[in-house]
Structures are given as structure tokens and as C-alpha cells.
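The structure appears below as C-alpha cells.
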Amino acid sequence: MIAFIVLLSLAAVLQQSSGTVDFASESSNKKDYQREIVDKHNALRRSVKPTARNMLQMKWNSHAAQNAKRSADRCTFAHSPEHTRTVGKFRCGENIFMSSQPFAWSGVVQAWYDEIKNFVYGIGAKPPGSVIGHYTQIVWYKSHLLGCASAKCSSTKYLYVCQYCPAGNIRSSIATPYKSGPSCGDCPSACVNGLCTNPCEYEDAYTNCNDLVKERKCQTEWIKSQCPATCFCHNKII
């Protein structure tokens, strides 16, 4: 039987005759498969070209996984409402994959990553208009909390969802999802196998917080509340 797979926002339907597995055996509730999903993401993040000087190591997050499960259980090939994709202070991004047969999680993640063929670092989508958002979310440097889940919607419809916190794919930075340079160049004292392990626990509300803090310092409650990462996360990846 030929399986079809679809990635959200991808207009074409892709066909594949191998890679299918028993759905129950691939449950993301199992610790082994959580480890497989995290390890697959980290291996891909570690292997980016050009190399990344600020790429954070991903870790499994149960709250993100619960949110992903609720999203998958809707059995709707559409992103879940943004307000339902939060973990603590972080807003979370989301990748969705649909297939007519069950797939191994490593194959799902690889399918998202394979959009790299239409991505050029520093330029973005090439040719222009190509879908690259699943790839860029996987390699977004500061997305370090990961949770995934799947749902069997029918005998011919399987939905896979991963959520990433904090969210990536900031439009103004989509061509540079990480800072190029020597691996762990921005975290020499907090590095494990080429990935940084010093994430900031805060998230700035504005992309120009560096400029705001330079101008006004972190002396007002407004600045501290709107730019907490810039104000408080020294020597961390923000």
C-alpha cells in the first residue's frame, strides 16, 4: 500500500512506500520514544551547515507534550490556537505531519527537516516562496523545550504534532534561524556535544529589547517586565 504524507502548509502531497510502523509501538508516551524524538532533533541541530555558535540543546517537556496531544487529538490539519500553545512564560511553535499510515517518529522529524533543500542560510527560501518553516523551527536556536504527540484519527489518517518552546520562525530572522560560527562559540562554558546548555528562562516581548535596554537601562518596571531576558539573562542564550 502506498502511503501519503502531508506537512502543514505544503501544497503538494508526497508519496512514500516505506517507513511505516505499528502506530501503538511509536507512542510518544513511552520514555524510549521521547528520547528518540529529542535525540533526533538534537542530532539535526548539531549538524547544521554553517555550524551554529548559539544552538541550544533540546529537552523533553511534559507540558508541551500535553499541548501537542490536545492539538493532535483534534484530528484537524491546522495549527492549534496560539493561546493554547504556551509553557510557562513561553509561547510555543508547532509542526504538524499527516499520513495515511503510521510513521516512525524519526521519519516524521526528518520529513520536516528535509525542507532544508529549499533553504539557504542568510537568504531564506530558495526558490522564493518555498516552504521552509518546519525546517527553520527545528533548527531555531533558542527553541529548547520540546513535546510531541500523535493521534490515530481513522484507519487512513494519522496526525503527528511537535511543539517547540519558545517559538521560532520570527519573520524578520527567518533567513538566520541561528548565529553562524564555531559550535558553542557563544557558550564555551556551557556546551555538551556541540550544543549550548544555558537557556534563558525569560522571553522578551519585543525584538528590539537590546536597543531599548541600551537607551533606558533596566531601571524601570516597564523595561524589566517587557525585556526580562535582556535584563536578567547575562551569559545565557537569549
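Just so you know, glycine gets a Cβ as well, placed from its N, Cα and C.
Among Cys162, Cys165, the one Swiss-Prot lists as the disulfide partner of Cys148 is Cys162.
Candidates considered were Cys165, Cys184, Cys187; Swiss-Prot assigns the disulfide partner of Cys92 as Cys165. Per Swiss-Prot, the residue from Cys187, Cys191, Cys196, Cys200 that shares a disulphide bond with Cys233 is Cys200.
For Cys227, the partner cysteine in a disulfide bond according to Swiss-Prot, taken from Cys196, Cys209, is Cys209. Sequence-remote contacts of a segment are chain residues at least 6 beyond its ends whose Cβ falls under 8 Å from one of its Cβ atoms, and for the domain 'ShKT' (200-233) they are 89-91, 142, 166, 170, 172-173. With a cut-off of 8 Å between CB atoms and residues at least 6 apart in sequence, the same chain places Ile37, Ala68, Glu94, Asn95, Val109, Leu146, Gly147, Cys148 near Cys162 (disulfide bond), listed in sequence order.
Within the same chain, residues at least 6 positions away in sequence whose Cβ sits under 8 Å from that of Cys75 (disulfide bond) are Ala151, Cys153, Lys157, Leu159.
With a cut-off of 8 Å between CB atoms and residues at least 6 apart in sequence, the same chain places Asn61, Ala64, Thr86, Val87, Gly88, Phe90, Arg91, Cys92, Gly93, Ser143, His144, Leu145, Leu146 near Cys165 (disulfide bond), listed in sequence order. By a simple count of nearby Cβ atoms, those within 10 Å, the most crowded of the disulfide-bonded residues Cys92, Cys187, Cys191, Cys209, Cys231 is Cys92.
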